[in-house]
Amino acid sequence: MDVHGKKASIIGAKRSGVAAAELLAKSGAKVFVSELGEPGASEAERLADCGIPWEQDGHTDRVCDADFCVVSPGIPRTAGIIRRVLEQGIPLYSEIEAASWFCKARIAGITGTDGKTTTSTLLHRIAEADGMKNDYRAFSVGNIGVPFSSLVLDMAPADLAVVELSSYQLEGCETFRPDVSVITNITPDHLDRYNGDMQLYAAAKFRIYASQRASDTLVYNFDDPLLRAQFSGNGRGFPFRIVPFGIGNDVPGSGSEEAFFYDEGMIRHLTAKGISEVFSGEDFLKSSFRGRHNIYNALAALAAAAALGIEESVARKAISGFSGVEHRQEFVCSLDGVEWINDSKATNVNALLQALDAVPGSIVLIAGGRDKGNDYTVLFDVVRRKVVTVIAIGEAREKILQVFEGITRTAGADTLDDAVALARESAEKGQTVLFSPGCASFDMFENFEERGRLFKRSILALNPC
């Protein structure tokens with residue numbers, strides 16, 4: 001899209017909004033930024049350096065004096081300013097969409113409810129290794145932390161942009177076209193944004209492939225019921241190539257000509273030539289990178305790498321040296337025979353369930369935060385089998401205590417420090433303390449990263465590991 005001379009309003013002056021503003025201004029657009037609150041000092045300085053005008057403490061009618069608008073991902077379609085923009089027929093895009101207009105590089109897009117950051121990190125690691133051999137660069141951008149707009153002008157045609165995508169970022173995508181798209185899974189999350197409608201949430205995720213063509217590839221989790229219904233059976237008429245991944249020997253029967261699957265301790269690759277063994281799951285399921293969910297993450301990354309033409313030997317070596325991502329079932333330390341695991345990124349019940357499945361032995365669970373309408377009853381079976389104590393915190397504390405009363409021992413804590421102290425008292429040698437909230441962090445913390453860091457700090461304050 002040629003933006004030169006066009007008027008662009010950016011709604012939201014946080015990290016991605018300011019990055020989009022800078023990109024569009026450099027590309028010749030007449031940019032205006034509107035922020036409901038107040039831009040941070042760094043963001044205000046960047047806008048001033050580019051000569052971009054902005055308003056704060058509210059949105060005026062000037063926002064609608066635009067040829068198009070770019071909205072920050074945290075602003076829902078129900079916000080008053082967004083309704084005004086749409087009512088006036090002004091095109092509304094996401095920062096990802098705007099950045100894609102200027103992208104010369106290949107794109108691998110990764111979305112899903114859970115696993116997208118680990119899968120993105122794995123694929124980026126694989127691509128970096130391949131790029132060293134084949135003279136290209138791999139960039140990691142998007143929901144993972146660095147806005148796509150910040151780096152897109154640095155990318156050459158041979159390079160690869162690994163773009164992690166939330167449903168919020170995909171909502172405003174119209175022409176965004178990944179060469180390879182990956183959907184890790186779709187389970188209930190963020191439904192407050194979608195009026196409790198799972199189909200609306202899924203539709204936002206499915207925008208990742210809306211512009212893909214015959215030369216492109218979609219990689220999806222065959223074991224996810226919603227995704228299987230959408231994509232299995234010879235591609236269901238989609239124009240692009242479809243590659244499923246999953247656990248078990250039923251994946252090759254998905255109807256696709258190619259698949260990656262884990263069976264009998266081995267990752268295998270189905271092609272027209274037959275089934276080959278990629279490598280043993282034990283090679284990457286180490287103490288710091290373990291669990292069934294990480295098999296899925298590895299399968300997704302391997303399938304995406306293959307679709308990008310990366311040799312399996314390169315991918316295998318890169319994955320074998322991977323130690324995981326911070327706040328995602330992160331081993332913190334062993335203290336008096338008790339292992340402590342930080343899974344602060346578990347912001348929904350499905351992620352909590354995966355963590356409980358992944359951790360061997362008896363567990364003291366610290367959970368809670370801002371509830372998202374969670375159904376904790378799906379955890380009953382694994383809690384009965386593995387959890388000796390549930391320690392509940394945050395706004396969801398009373399709900400969690402009530403749900404698990406009679407299922408296992410329960411206790412409430414006012415603060416995270418108190419919860420850690422209770423866990424220290426409760427856990428016995430050979431057990432694991434798992435911090436996997438299953439809830440959003442915003443009732444007590446700035447974000448899940450701060451929550452995880454404070455959990456680790458609290459452990460180390462008890463006794464340096």
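Glycine is treated like the rest: Cβ placed from N, Cα and C.
Feature annotations, reproduced from Swiss-Prot:
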BINDING   Gly112, Thr113, Asp114, Gly115, Lys116, Thr117, Thr118  ATP binding site
The one of Gly112, Gly115 whose CB sees the fewest other CB atoms within 10 Å, among these binding-site residues: Gly115
Binding-site residues (Thr113, Thr117, Thr118), the one with most neighbouring Cβ atoms at 10 Å: Thr118
ATP site shell beyond Gly112, Thr113, Asp114, Gly115, Lys116, Thr117, Thr118, criterion: Cβ within 8 Å of Cβ centroid: Ile110, Thr119, Thr184, Asn185, Asn297
Secondary-structure category, per DSSP, in which Gly112 (ATP binding site) falls: coil
Packing count at Lys116 (ATP binding site) (other Cβ atoms within 10 Å of its Cβ): 24
